[in-house]
Amino acid sequence: MGETNQNANKKMKWALLLLNAIFLTIGACGGPMVMRLYFIHGGNRVWLSSWLETGGWPINFVPLLVTYFLRRRKEGPAAKLYFMRRPVFVAATVIGILTGLDDYLYAYGVARLPVSTSSLVLASQLAFTAVFAFLLVKQKFTPYSINAIALLTIGAGVLALHTSSDRPEGESSKEYFMGFFMTVAAAVLYGFILPLVEMTYKKARQALTYTLVLEIQVVMCFFATVFCTIGMAINKDFKGMGQTTATEDHHRQVHIPPIPAHAIPREASEFGLGETTYYVVLVCSGLVWQGFFLGAIGVIFAGSTLLCAIIIAVLLPMTEILAVIFYKEKFTAEKGVSLVLSLWGFVSYFYGELKHSKEKSETQTPETEMAVDISVTTPS
């Protein structure tokens with residue numbers, strides 16, 4: 001019976017890993033594309049874009065309510081409404097504030113850089129994640145994972161060969177390099193956030209269920225959104241003044257007082273693809289980015305910090321290909337080489353993980369193996 005439960009637990013973990021990897025793929029590829037679409041066609045509010053990265057957090061209440069009603073049907077009125085304890089809540093709050101700052105740094109970079117260039121810079125996140133994972137969660141490296149990190153880092157370096165021609169028209173060198181350095185800062189910070197999430201899991205001192213992971217996601221994204229909302233308020237994104245109009249009468253300028261107008265509706269009316277499309281872009285951005293964050297913490301839960309970072313790094317050349325298709329960016333030989341190296345690194349990592357998992361199952365007994373609880377019932 002114990003061995004049967006163990007096998008079922010493993011299958012469920014693989015299913016969760018696959019599901020969250022799909023969420024992460026959609027978010028990592030779709031998020032930058034939708035965000036760049038906003039900036040290309042006239043959007044210029046960085047804090048609003050930052051807010052959208054985590055603003056879709058209420059959608060997580062859907063699976064949380066489903067799991068709650070499943071528990072309630074099984075356990076009756078004794079079923080807990082939530083599992084999160086104070087230490088985990090505090091940790092999730094801190095991570096959420098850091099995530100809000102990272103959202104702003106990343107959105108600023110995307111506003112100034114082409115998708116291909118921002119993806120290139122973010123590839124450096126893998127190296128930062130590896131370093132912080134080693135320091136914070138004592139991440140163990142195998143020859144296969146080291147090979148994957150090396151290949152993905154080289155792939156990012158190859159992409160760097162074509163960045164000099166990527167500066168958008170009409171953008172100053174100062175703006176371009178500010179976007180570049182802000183994106184580097186975002187890569188460093190997120191490289192720190194990922195292992196911090198894993199450390200929170202390990203230090204939780206309570207049963208780690210997928211329901212708890214969803215609760216952590218809600219708290220993280222809520223406080224990240226609060227951080228960005230404060231930024232929007234300071235930037236006056238919730239209010240603004242209409243443009244002053246003027247008429248000419250017998251060579252005299254008659255200035256009409258400015259008409260109060262909210263900044264976001266005014267930007268929507270001037271959006272290149274139309275006002276309705278503007279709001280569709282905002283909604284899609286919020287949903288797609290929520291998939292990214294949910295997928296990231298889910299992959300860390302079912303896999304590891306390093307696996308999450310490697311999946312993100314592998315998806316960066318995919319994002320470049322999408323930019324080539326939809327935004328007509330050039331597909332250079334460097335991008336092709338980078339794509340091959342990224343896929344090679346990805347296969348190398350997974351081959352090593354499968355080999356390690358096989359060796360572990362041969363030497364480990366059910367009594368010595370510690371499984372992670374993935375149930376939706378109340379932990380004992």
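The backbone N, Cα and C atoms fix where each Cβ goes, and this holds for glycine too.
Residues or ranges marked as region 'Disordered' in TrEMBL: 361-380.
The annotation transmembrane segment is assigned in TrEMBL to 54-71 (among others). Packing against the transmembrane segment (54-71) from elsewhere in the chain are residues 79-81, 96, 99-100, 103, 211, 214-215, 217-218, 220-222, 224-225, 228, 286-287, 289-290, 293-294, 376-378: each is 6 or more residues past its ends and has a CB under 8 Å from a CB in it.
Taken from TrEMBL, the feature transmembrane segment covers 83-101 (among others).
Per TrEMBL, the feature transmembrane segment maps to 113-137 (among others). Tertiary proximity for the transmembrane segment (113-137) is limited to same-chain residues at least six positions away from its ends with a CB under 8 Å from its CB atoms, namely 32-33, 36, 106, 149, 152-153, 155-156, 159-160, 163, 166, 168, 176, 179-180, 183-184, 186-188, 190-192, 194-196, 198-199, 202, 304-306, 308-310, 312-313, 316-317, 319-320, 322-324, 327, 329, 335.
The transmembrane segment annotation in TrEMBL covers 144-164 (among others).
Annotation comment: TrEMBL describes 176-197 (among others) as transmembrane segment. Packing against the transmembrane segment (176-197) from elsewhere in the chain are residues 95, 98-99, 101-102, 105-106, 108-113, 117-118, 121-129, 131-133, 135-137, 139, 167-168, 216, 296-297, 300, 305, 308-309: each is 6 or more residues past its ends and has a CB under 8 Å from a CB in it.
Residues annotated as transmembrane segment in TrEMBL: 209-234 (among others). Within the chain carrying the transmembrane segment (209-234), a Cβ under 8 angstroms from the stretch's Cβ atoms is held by residues 16, 45, 47-48, 50-51, 53-57, 60-61, 63-64, 67, 82-84, 88-89, 92-93, 95-97, 99-101, 103-104, 197, 200-201, 290, 293-294, 297-298, 301, 373-376, 379, all 6 or more beyond its ends.
Sequence annotations record features per position, and here TrEMBL assigns transmembrane segment to 278-301 (among others).
Annotation comment: TrEMBL describes 306-327 (among others) as transmembrane segment.
What TrEMBL lists as transmembrane segment is 333-351 (among others).
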Positions on the same chain near the transmembrane segment (306-327), where near means CB under 8 A and six or more residues out: 21, 24-25, 28-29, 32-33, 36, 40, 114-116, 119-120, 122-123, 125-126, 129-130, 133, 139, 145, 148-149, 152, 155-156, 159, 191, 194, 296, 299-300, 335, 338-339, 342-343, 345-346, 349, 353
